[in-house]
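Taken from TrEMBL as is:
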| type | residues | note |
| --- | --- | --- |
| TRANSMEM | 20-44 | transmembrane segment |
| TRANSMEM | 87-114 | transmembrane segment |
| TRANSMEM | 126-149 | transmembrane segment |
| TRANSMEM | 161-180 | transmembrane segment |
| TRANSMEM | 245-267 | transmembrane segment |
| TRANSMEM | 287-310 | transmembrane segment |
| TRANSMEM | 338-360 | transmembrane segment |
| TRANSMEM | 366-389 | transmembrane segment |
| TRANSMEM | 401-424 | transmembrane segment |
| TRANSMEM | 430-452 | transmembrane segment |
| TRANSMEM | 473-495 | transmembrane segment |
| TRANSMEM | 501-527 | transmembrane segment |
Amino acid sequence: MSAPAQSVGRSGAVMAAGTLVSRVAGLLRAALLGSVIGTAGLAADAFTVANTLPNSFYLLLAGGTLNAVLVPQIVRARARPDGGEDFVNRLITVAIALFVVATVVLTVLAPVWVRVYFDTDDAVATRLATIFAFVCIPQVLFYGLFTIFGQVLNAHGRFAAFTWAPALANVIALAGLLWFREAGLPLQADPGAWTPEMIAILAGTATLSIAVQAVALVVPLRRMGFRYRPRWGLRGHGFGEVSKVARWSFGSVVVIQLGFVVTNRVLTRASDLGAEAGVTTAGMASFAPALLMTMLPHGLVTVSLVTALYTRLSQAASDGDHATVVRYHRQGLRLPSVILLPVVALVLATVPVVTATFFFDNSLDQTRAVATVLVGLFGGVVPLGWLYLNDRVFYAQQQTFWSFRTQCVVTGTSTVVALVAATLPPTRTATVLAFGQTLAYAVGALVGFLVLQRQHGHLGLRGAASVYVRVGVPAVVGAVLIGLAVHALFPVLVADRGWSALLGGGLLLGAAGVLQLAVTWTAAHLLGVREVGEFVRPVARRLHLARRG
């Protein structure tokens with residue numbers, strides 16, 4: 001094997017490993033966070049809302065623009081005599097200044113943001129959420145720096161650090177949560193029981209983890225020879241051209257965040273009403289971990305596969321080669337089904353065991369609250385993948401206005417369902433909202449299919465449906481049979497709550513997952529689904545390259 005092939009294989013294996021480790025660490029972080037603050041209740045919602053504010057603000061400030069405008073500028077700047085160092089120095093200087101100013105302003109306005117996102121009449125819970133927000137909002141600065149540093153590395157072909165830094169952040173956050181547990185502090189405390197020490201450990205380490213994530217990229221930047229020197233002024237460096245792509249991207253982010261505000265308010269109001277009635281109610285603290293678990297297969301499977309296709313999609317779209325665009329779209333539609341359908345079927349068949357395993361230190365009432373939300377959200381993994389694929393095709397065709405319009409449909413649908421859910425008893429609100437999110441993904445994907453079919457003609461949806469049936473039927477049958485065994489074995493293997501539940505349940509679910517994939521893939525292969533081989537062969541080849549490297 002040639003040295004370049006070995007290098008590609010080694011780099012691919014390193015990036016894949018970093019992504020996997022980060023995702024797994026994120027799940028463990030969610031499990032420990034549930035142990036510390038609970039998965040239901042106003043105190044849990046207070047921290048969840050406060051700790052999601054920074055990412056929302058970062059996306060509004062620069063998320064779309066950085067990727068749509070600045071990254072291509074960095075790549076072009078490499079052709080300059082200094083390798084683009086002066087340009088990047090100016091970019092970092094201005095970015096630091098902008099993010100520092102924005103972070104200070106956003107932090108000062110923390111009480112306002114809490115009132116916007118957190119709908120409760122409980123003054124103590126509101127005060128707790130505000131304190132959490134003061135500590136967490138500075139993460140905005142570090143999210144911005146992480147993206148700038150990471151894109152500089154990516155532009156120079158250095159991908160590993162950008163992939164592994166989030167894993168390091170999760171390790172720091174995990175350490176903070178373990179510190180909280182081992183310090184003998186009260187777990188899942190009511191809003192009025194939180195002390196300054198508890199707040200500092202929980203929110204402080206959450207912010208520290210994002211800071212470490214950004215600072216960790218300084219070392220590889222220096223190793224590749226980059227030296228930061230403050231430079232002011234961007235005139236004449238290409239920043240005056242804010243493209244339509246960036247504007248539509250920003251518009252999509254705004255629409256998403258408006259929908260997020262509605263979701264937050266509906267869920268936190270449900271928690272507030274549940275607290276008044278004295279019943280365990282799924283709120284933001286139940287919705288957030290369920291959403292994280294839903295995004296795990298989406299990120300590892302759909303995003304990875306579609307990202308691998310994106311360069312070729314873009315080239316075909318640039319060449320006006322409609323047949324090739326359709327072929328890659330068809331491939332991106334079919335391939336993820338080979339793993340997503342069996343995984344979704346098994347998780348839905350074993351939801352109570354999944355939540356009881358991962359949220360090992362929570363009451364069964366709290367794990368059931370997460371389970372009801374997870375059922376509604378996890379069914380959306382497949383239509384979310386369709387939506388993401390269509391979105392990438394629109395980007396490849398420089399038609400981001402269609403991406404924006406599709407996002408308006410998705411957010412509009414989920415918002416209508418959320419407002420309906422707000423009129424229901426609080427114990428049903430989060431579940432209906434979760435199913436509404438899945439419905440929104442499906443409606444958005446349907447709109448995308450209709451637009452692309454009008455542009456390109458036949459998309460091969462009937463053939464894709466045939467693949468989904470031939471994979472889906474054995475996946476459902478296998479999930480039902482394996483799920484029955486899991487439900488029977490779980491009480492035997494896991495007699496108590498706590499760490500034994502995480503270990504025993506994790507091993508049981510892991511074995512069930514391997515068996516489910518084996519059964520589904522064997523049956524699908526016998527039914528003539530060639531995508532099984534197309535999916536398995538590259539994975540086996542990557543593992544072979546990793547061993548040889």
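Using N, Cα and C of the backbone, Cβ positions are placed for all residues, glycine too.
On a predicted model such as this, the values are computed, not experimentally measured, just so you know.
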By a Cβ-Cβ criterion of under 8 Å, what residues six or more beyond either terminus of the transmembrane segment (287-310) are in contact with it?
16, 19-20, 23, 26-27, 30, 33-34, 39, 48, 52, 263, 267, 328, 331-332, 335-336, 339-340, 343-344, 354, 358-359, 370, 373-374, 377-378, 380-381, 384-385, 388-389, 392, 395-396, 430, 433-434
Could you check whether the transmembrane segment (366-389) and the transmembrane segment (126-149) come into contact, where contact means at least 3 Cβ pairs under 8 Å with the two residues of each pair 6 or more apart in sequence?
no
Stretch among 20-44, 126-149, 245-267, 430-452, 501-527 sharing the most Cβ pairs under 8 Å with the transmembrane segment (338-360):
501-527
Would you confirm whether the transmembrane segment (245-267) and the transmembrane segment (161-180) meet the contact rule of 3 or more C-beta pairs below 8 angstroms, pairs 6 or more apart in sequence?
no
Long-range environment of the transmembrane segment (126-149) - Cβ separation under 8 angstroms, sequence gap at least 6:
43, 45-47, 49-51, 53-55, 57-58, 61-63, 66, 70, 91-92, 95-96, 98-100, 102-103, 106-107, 110-111, 113-115, 118, 120, 165, 191, 194, 199-200, 202-204, 206-207, 210-211, 213-214, 217-218, 221
Looking at 87-114, 161-180, 401-424, 430-452, 501-527, which one has the highest count of Cβ pairs under 8 angstroms to the transmembrane segment (20-44)?
161-180
In terms of Cβ proximity under 8 Å, which residues at least six beyond the ends of the transmembrane segment (430-452) contact it?
263, 266-267, 270, 281-283, 286-287, 290, 329, 369, 372-377, 379-380, 383-384, 386-387, 390-391, 393-394, 402, 405-407, 409-411, 413-414, 416-418, 420-421, 424, 459, 461
